[in-house]
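Noted in TrEMBL for the protein shown:
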- D:12-31: transmembrane segment (TRANSMEM)
- D:38-57: transmembrane segment (TRANSMEM)
- D:63-84: transmembrane segment (TRANSMEM)
- D:135-160: transmembrane segment (TRANSMEM)
- D:189-214: transmembrane segment (TRANSMEM)
- D:220-250: transmembrane segment (TRANSMEM)
- D:257-278: transmembrane segment (TRANSMEM)
Amino acid sequence: AEEIKVGALFPLTGPAAVSGQNCVNSVLAAADVINTKNPDIKAPLAAGEGLVGGKYVIKIVPADHQGKPDVAKSEAERLYNQEKVFAVIGCYNSSATKPASAVAERAKKIFLCGCSSSAALTERGYKYFFRHAPTDAIESVEFVDYIAYLNKEKNAGIKTLGVIYENTEFGKHAADEARKAAKRADLEIVADVPFNNGATNLNSEVQKLKSANPDAVFGAALGGDYSLWVRTMKQVNWLPKIAINYCTGYQNPAVQKELGSDGNFFMGGMGYSPELAKKFMPEAIKIQDKYYTPRSKQPFDSDSIQEAVMLMVLAQAIEKAGGPDTEKVAKIIQTDEFPSVMSLSGRVKFSSDGQNAEALSVITQLHEQKYQTVFPLKYKDSEPTLPMTPWDKR
Amino acid sequence: MALLEVRDLTMKFGSLLANSDVSFEVEKGTIVGLIGPNGAGKTTLFNCVAGLYKPTSGRVVFKGVDVTNLPAYKMARLGVARTFQVVRPLKEMTVFENIMVGAYMRTSDSSKAAAAAERCMELCFLGDDRDRPAGGLTIGNKKRLEVARALATGPELLLLDEAVAGLTSTEIKEMVEVIVRLRREGITILMVEHIMEAIMPIADKIVVLASGKKIAEGAPADIVKDPVVTTAYFGEKFSKRLKERKEGA
Amino acid sequence: MAAMLEVKDIHCSYDHVPVIQGVSLEVNEGEIVAILGANGAGKSTTMRTIAGLMHPTSGSITFNGIDITKMPASSSIKRGLSYVPEGRRLFAKLTVRENLELGAFTSADRTGVAERLEEMFELFPILKSRAAQTAETMSGGEQQMCAIARGLMSRPKLIMLDELSLGLQPSLVEKVFETVREIRKRGVTILLVEQMVQEALEISDRGYVLQTGRIVHQGTAKELLNSDEVRRAYMGM
Amino acid sequence: MSNFLQVLIDGILSGLLYALVAAGLSMIWGVMDVINFAHGEFLMVAMYICYWLGFIFKVDPLFTWVAAGIFLFILGAVTYKWIIRRSLGKAAMAPLLATFGLSMFLKNLCMNRFSPNFRLLSGTLLDGKTFEIGGAIVSVPQFVTGIFSLVVVVALYWLVKRTRLGWAIQATAMDKEAAELMGIDTEKIFLLVFGLGGACVGVAGGLMTTYLAVHPEVGGLFSLIAFVVVALGGFGSIPGAFAAAILIGLVESFTGFYVAAVLKYVAVFAIYLVVILVRPKGLFGW
Amino acid sequence: MTLTKKDKLWYGFIIVAAILPCIPGVIGGGSFFGHVATMVLLYAAMAQSWNIISGYCGQVSFGHSVFFGIGAYAAGLAVVTFETLPWYGVPLGMLAAALVSILISYPCFRLKGHYFAIATFAIVEIFNRLFMIWDAVGGALGLDYPILPDGWENFSWSDTKTGYYIGALAIFIVVFGVVRWIERHRMGYYLLAVREGQETAESLGVNSTIVKLGAMALSAALAALCGAFFAQYNYRVDPPMVMSLDMSMKFVLITILGGVGTFWGPFLGALVLIPLQEYTRAYLTHFGAGIDLIIFGIIIIVVMIKEPRGIMGLISYFKKDKAEEGAKS
Ligand SMILES: Nc1ncnc2c1ncn2[C@@H]1O[C@H](COP(=O)(O)OP(=O)(O)OP(=O)(O)O)[C@@H](O)[C@H]1O
Ligand SMILES: Nc1ncnc2c1ncn2[C@@H]1O[C@H](COP(=O)(O)OP(=O)(O)OP(=O)(O)O)[C@@H](O)[C@H]1O
Ligand SMILES: CC(C)C[C@H](N)C(=O)O
Ligand SMILES: [Mg+2]
Ligand SMILES: [Mg+2]
């Protein structure tokens, strides 16, 4: 069969390398689903071998951008021009996704983005750029909705908010959206704490939170910083009533394993968790066990799985177009709706700016390393522990 | 008016008095010798005149202008060039390039500078080593390089700090010849030297320093006889030898 | 009997630039031998090579019958070969006493060290009164004394003294040369390098004259003192 | 007020950690005038050692720091023998750049072998333990590290100032050749100093695993701070490095809390520049 | 006028480099080779501008990414914030970099050896972190270029590298040309003299402060020129990308590998390191993460141990060998 090459451009080295490698594994898992016969998996294109009746197979070309935008840009060029990939999936870091997708747009090539969350990505008016993940804007609104719900139904009395975020593209965007959402919901922001990622300690940052003592905290921290943050809060023996996190650290199973019971009762927005999947995405679990876990030694996480979704979307579009014709495929991705076994909402549909209109994330709370869904009500499977159990009572 | 006047110059390093109230004059077109025991403060005095050190007190007057405290490069531009006692070749540069640095002071035109450098190089017998890195020269050639480089700046006053130390007798003679030739060309010279045969025959005047103070000043013939200088510098034995030699000659 | 120190046809270079080109010399037990020569002739290099601070590219050095050609400096001193380098090289921040004690670093015997210290203070009374002063604050003459004493602390059989008179007032020079004689009386063999040719030869038994890395004259002190050539080239006569 | 006390204690504790991390670097710099650019990666290696010992054999880092210290001693000595000795004296920056190469090598080797995952030992003996002083909370792991830091700094100081070996080290630092003439085997001293420098950072790394996650990039900022600490303290002065480390810990902590957290490292680096421009040889430099 | 051997090399190089884009497919069409060739020229120029102050003048700075970054920001601000042509940003960026460099280095030149080196580390970190929070220049978000029409006006091309290559070649010629001119004139001699012995230089009438500041300002301005190109090339500027220790080290390593303080050193270094970096990253990924950087680390160690004068050192070593052979026979 003829190969259709797809680039998988992620941070395979550098500070975000853990997640980057998960993302590549996730894309590879999806490619396996497509390329081989998987009658056991009930997903589009799983049963058959390859695309268009076996005429094409997907070949993934991994590439490393090291977390650096300039490298992402030149690797994207290399993938399109030299490797002749049909499309690129990437780049995890919004800061890398931006220049890499600009390359695609200029060359009129398809660029697919799973989990980069900066809202700005889909505000550029690009025609060949599609993103699966809910943006920070969407998540922020959901977070404050949840707080409103808690205040109303549970008498939570949450009036003040603190935000702690890494001072990067990701963190700053998240914080911006948090501020906007908080303003609309009349939450007073009493602590606004950016920090340098990769810091040697977060003592003063946490001390600032503690002395402002907000009722709720929104956090945006990647893996190592997330666990440092949690541990430092334990050290100073302080917790807000409720702490909700944007992506990464919180939803990374490896990080949670290391935090152990210290990670309990934190909340976060996610699109995937093994617990959710058991209920709503049984097929995703099959893919995970068959193709992902053998590679990554851990379950899917909410970031990486979205990269797999984007490959499935691309494959379905190619199938419909009957072959790798960029214009046709882009048009189909833009207009059609795709069933997706690995998306919580079960389908993907892009609005005109390339943002997945069906993007959905739920708020979960961690109990004994299990992500229990607490909001929205439709997906809710357990009552939240509110306020968080203090450190000395655990 | 003297070309260079040093007035009550005092230089302290912490509590150490390296120069204390030293005064003397250097007339245009003469060769003045500066002698004295090790550590007497001769090099320090040079450094004060050349602008490398700022004297603690006292004045340095060059061509009637007070130049105390002027930085070294300005002194050089005024026409005061110096050599270093502990040679300081610009090691990774060739002999010619070393001299070019000096030559560029008076002109920014490369060919003019090269011509000047070439002349100074020949004058100091360095032609054979033109393109060798200066770091690899023998000590004698390094000494000559010091002189050539200083000369290339086209000075009016040349300060030579032990320029012939380390040279063999014949080489010393050559260098003395060069110095005399420079005087003929109108360059005034102030030189520090421990080797009497190099300085006594050509100096018009000798200034003697000891422990930072000027202890004598006068014509070479008088200095040799001065008992103060003998005890402080020559020592009994050497004086005796000097005398013997005179008588022998 | 073989000489105490035998240097046979050594060649040395810095960065591939040859500096010593075939120097041979010997020192017998109990002698004072002088190496003379102009600046840059290679006197210090010869001594550094014997001391083991650098190694010859060819040739050999034996000391008391043992080949020390490739031995590092730290081992030669254990065999009784001590070197007082040009420019004193005292440990500037340490006190006189500490400097001296370091001189006996190789000796594990503490009481022995105390004894030697006393000996040195006897030889150089001025050091005793300055024992607690840091080396850098001492006058040049005192520093030179301290350096010699440090060199003697290891109880060497042979001590090499490089430019003892450097930086010393004429009166001090005389004192230092007297000290050298005194040291010899105590049974230490001496190899010295000097610029003050006349003075050096006056206290030496034999001498070698070095010129651009080669021995050009050798003989007893008297012979050299009377040689016209030496007088002309190195004594300015 | 309690904030102030807390911030003060945090500052001192992180200062003590920096002192521990920098002590070895300071010694190497002082004796050999070499900056070990791979210092941060040495720290990382030590952390990995204790992490794996804790993870596989379940030995607490409270004990395994000894192993890390010993291994890092060897690593330091080997680095000296294979890299420093061969690049020393060849060109001004050769040892610095060679160790920069070493740091790239070590960092990416660990990345390649151990994956870039953040690894944190949970359930260690000291994990999460705290006590209170006047309303301020002190974390036991950091406190213990602080104590170790004091012990190591005092021990190093004692070693250098009061022992025969220390003399030999000082003599070597002041004048290598003269030291050799005293019968000191300076090669051995250099080897030992590099080993000791490694051992110090080994102990630091070992203890850090009680409360910090290890990953291939962990050394970066620590080594930069260690450089600044050492230079701020002054050429090879151990008390200087100690004082500088505490100063930097406090600057970091107070800026972080009272000014802005994102500015804390700006303040750290700026304080270095300010001090060094007033005293070009550092606080205790000579 | 007769051509020296050096001249012949120089003109020969320019001719070859200028012919490359005329051969279809080699540079154009967005080929990876085109990218690598462009980067070689850019980094060579950047390393050369570092070489002016650190190699020729001996003030080893690890802070040059600050000036590179200022240039990049100038171009980026012109395009993104002020929505004009990048060309306006270039001279302003060069000027700003020169001014900043003078302000920084005037006090820092008092520091010696490692104190100076660490001060330059500190400066990079400070600039990096300040730019990260300075919202007027995009803060942590950086500046992202909009998609503009291709062409020289916007200095932006989507599907060909030819324009960029020619741009990089022009920068290369400017920077190397400046250094060549300097080498043959008073300034060059003064730079070396200050490196080899500041006091000696002063005694020969050289105002070493002015020489060092001048060299630093020139070096910074040229670095800013390279930075502006880098921003154009990547459609983006952010602090970790252009103002980081990593970036600074790259300039240092390239120059050192090639031969510090030599004319062709920076070019040779870039010629080896950049393709090595680009091709290993592109084609060795399957050996696992970081393989390219592991190899890189080893190369650096080996070079520093074996021949710290870099490739130029190797060349002169072989030349000497030959010369000696010739002399013998
Ligand atoms: N930079 C300095 N700092 C402290 N002391 C100094 C400095 N330079 C010179 N001295 C001291 O000043 C005194 C005079 O030194 P100077 O070099 O002027 O002597 P000199 O007459 O040139 O001796 P020589 O004949 O040996 O060259 C000496 O005691 C010396 O140690
Ligand atoms: N470290 C070095 N590197 C390169 N060349 C050197 C070095 N040390 C000495 N030389 C050169 O070796 C030659 C011999 O030097 P050496 O020091 O042995 O002479 P010396 O006879 O002791 O002279 P002096 O009377 O000045 O002490 C000189 O030409 C000198 O320039
Ligand atoms: C946390 C991630 C999934 C990536 C992050 N949202 C970013 O855009 O950089
Ligand atoms: Mg002098
Ligand atoms: Mg000598």
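The backbone N, Cα and C atoms fix where each Cβ goes, and this holds for glycine too.
Stretch with the largest number of CB pairs closer than 8 A to the transmembrane segment (D:38-57), among D:135-160, D:220-250, D:257-278: D:220-250. By the Cβ criterion (under 8 Å, sequence separation of 6 or more), the transmembrane segment (D:12-31) is not in contact with the transmembrane segment (D:257-278), since fewer than 3 such pairs are found. Taking Cβ pairs closer than 8 Å, the transmembrane segment (D:220-250) reaches residues 8, 11-19, 21-23, 25-27, 29-31, 35, 37, 39-41, 43, 103, 153, 156-157, 160, 173, 265, 268-269, 271-272, 275-276, 279, 281-286 in its own chain, all 6 or more past its ends. Contacts between the transmembrane segment (D:189-214) and the transmembrane segment (D:135-160): present, as 3 or more C-beta pairs lie under 8 angstroms, all at sequence separation of six or more. Beyond its flanks by at least six residues, the transmembrane segment (D:135-160) meets 1-2, 5-6, 8-9, 12-14, 16-17, 19-20, 23, 27, 62, 65, 124, 126-127, 129, 166, 169-170, 196, 200, 203-204, 207-208, 210-211, 238-239, 242 of its own chain at Cβ-Cβ distances under 8 Å. Tertiary proximity for the transmembrane segment (D:257-278) is limited to same-chain residues at least six positions away from its ends with a CB under 8 Å from its CB atoms, namely 3, 7, 221, 225, 228, 231-232, 247-248, 251.
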